[in-house]
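**Q** Submitted below is the structure of interest, expressed as structure tokens.
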Amino acid sequence: MIIGVPKEIKNNENRIALTPAGAAELVKHGHEVYVQAGGGMGSGFQDEAYIGAGAKMLPTIEDVYGIAEMIIKVKEPIEEEYKLIKEGQILYTYFHFASCEPLTHAMIANKSICLAYETVELPDRSLPLLVPMSEVAGRMSIQEGAKYLEKTYGGYGVLLGGVAGVLPAKVLIIGGGIVGTEAAKMAAGLGADVTIMDVSLKRLRYLDDIMPANVKTMMSNEFNIREMVKSHDVIIGAVLIPGAKAPHLVTRDMLSTMKPGTVLVDVAVDQGGCFETTKATTHADPTYVIDHVLHYCVANMPGAVPRTSTIALTNATLPYAIEIAGKGWKQACIDNEPLRKGLNVVDGKVVYKGVAEAFDLPYESVETVL
Ligand SMILES: NC(=O)c1ccc[n+]([C@@H]2O[C@H](COP(=O)([O-])OP(=O)(O)OC[C@H]3O[C@@H](n4cnc5c(N)ncnc54)[C@H](O)[C@@H]3O)[C@@H](O)[C@H]2O)c1
């Protein structure tokens, strides 16, 4: 198959959908890989590395879309790209259709085959192509929390791990899924006094088993949260209720009970946030203060570490890309149920229920296109 990897043109997006190592794998499987010149620069991959892996470089985005049977991307196509997409072209990328009606209509109109990373789903209902970004954001949340605890950034002025004779900082993590677990591991590694809260007792039992001694678990409920926020230095929001807005677990009135300079990091900001006072921020201006409490609410945290994020993402997407390229999208989706769940819009039909419902569009079951 002919595979195209364009440079991402969405504002501030420095990731690329394929590493040189990934390109080498696809070439080894007999495919032709075309990468837009300079596309890997934001992630620290030079054109020469792709050429060394057997890929060919093309100068413009038009060339890449023009030649490819399958486009592999990171972010959803933006308006400038709509006109470049051809009928029957496979687009394998994050789409998040339900949050963008014009994108949905454009992909219906151009009759492309849209395989969305975010809806590829394993039998245990986990989302393997979202996990890597949660891992990155979870680990990063502690790095950011530790930084903003410093006095010069407006924080309380404590070192996460303390030193001999001085107690470590206290970190509260609300939500013990992927983000929460990775955050806990990082905070524990730095020597902080960590508590993870979740509503799932099963999950808390598991975390209690695997975490080091400086990580404790606690049931998440309003009473406990109200009590815990008074004494903690960093509070990480990491809850997810699939398909719903995040609940406001830390309310505005709780802020006045916190220490001045407490740092709140709301990783769940992309689902509306789990703190009542959360407002989405950007890497350019990541924090704001309410009631002497510092808020960090960047909606695309992995964007700050594009090299790590690119490699983590492609580790997860590549096996599916190899299957699609080897068998064609139809056979790959017939054979691979998790991948089939990634089909959202195919040949002008909406085959993912959530997308059809979001915009009141006709829905066709995925079997009708296979
Ligand atoms: N800001 C970013 O850059 C970024 C990046 C990746 C993920 N995220 C977001 O981070 C959030 C967490 O993602 P995840 O992959 O860890 O999800 P996950 O499904 O792995 O974990 C969510 C956890 O929240 C728990 N939970 C639900 N309700 C709760 C409550 N009331 N109190 C405490 N815990 C509760 C669940 O039991 C689950 O264990 C999501 O909103 C995701 O979209 C943001």
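Using the three backbone atoms N, Cα and C, a Cβ is placed for every residue, glycine included.
TrEMBL annotations: computationally assigned, not manually curated.
Since the structure is predicted, the reported quantities are computational estimates derived from the model, not experimental observations.
Below are the features I grabbed from TrEMBL:
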type: DOMAIN; residues: 4-137; note: domain 'Alanine dehydrogenase/pyridine nucleotide transhydrogenase N-terminal'
type: BINDING; residues: Arg15, Lys75; note: substrate binding site
type: ACT_SITE; residues: His96; note: active site, proton donor/acceptor
type: BINDING; residues: Ser134, Asp198, Arg203, Ser220, Val239, Leu240, Val267, Ala268, Val269, Asp270, Val298, Ala299, Asn300, Met301; note: NAD(+) binding site
type: ACT_SITE; residues: Asp270; note: active site, proton donor/acceptor
type: BINDING; residues: Glu323; note: Mg(2+) binding site
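Map these features onto the structure and tell me what's around them.
**A** Across the residues of the domain 'Alanine dehydrogenase/pyridine nucleotide transhydrogenase N-terminal' (4-137), the predicted structure has a mean pLDDT of 96.
According to DSSP, Lys75 (substrate binding site) is assigned to coil rather than to any helix or strand. Every protein chain shown contributes to the tally, and the Cβ of Lys75 (substrate binding site) ends up with 19 other Cβ atoms within 10 Å.
Under the three-state DSSP scheme, His96 (active site, proton donor/acceptor) falls in the coil class.
Taking a C-beta cut-off of under 8 angstroms and a sequence separation of 6 or more, Val298 (NAD(+) binding site) has the following same-chain neighbours: Glu144, Val269, Ala280, Thr281, Thr282, His283, Pro286, Ala304. Taken residue by residue with DSSP, Val298 (NAD(+) binding site) is part of a strand.
Note on Asp270 (active site, proton donor/acceptor): other Cβ atoms within 10 Å of its Cβ, all shown chains, come to 19. Under the three-state DSSP scheme, Asp270 (active site, proton donor/acceptor) falls in the helix class.
Neighbour list (Glu323 (Mg(2+) binding site), Cβ cut-off 8 Å, at least 6 residues apart, same chain): Ala332, Asp335, Asn336, Leu339.
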**Q** Can you tell me which of these binding-site residues sit near ligand 1, meaning the Cβ is under 6 Å from at least one of its atoms: Arg15, Arg203, Val239?
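**A** Among Arg15, Arg203, Val239, near ligand 1: Arg203, Val239.
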**Q** Any idea what the Cα distance is from Asn300 (NAD(+) binding site) over to Asp270 (active site, proton donor/acceptor), rounded to a whole Å?
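**A** Between the Cα atoms of Asn300 (NAD(+) binding site) and Asp270 (active site, proton donor/acceptor), the distance comes to 8 Å.
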**Q** Tell me which residues of the chain lie with their Cβ under 8 angstroms from that of His96 (active site, proton donor/acceptor), as long as they are six or more apart in sequence?
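**A** Set apart from His96 (active site, proton donor/acceptor) by at least 6 residues yet with Cβ under 8 Å, we have Glu76, Ala116, Glu118.
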**Q** Can you tell me whether DSSP puts Val239 (NAD(+) binding site) in helix, strand or coil?
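**A** Assignment for Val239 (NAD(+) binding site) reads coil.
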**Q** What number of additional C-beta atoms lies within 10 angstroms of the C-beta atom of Val239 (NAD(+) binding site)?
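**A** Summing over all protein chains shown, Val239 (NAD(+) binding site) has 24 other Cβ atoms within 10 Å.
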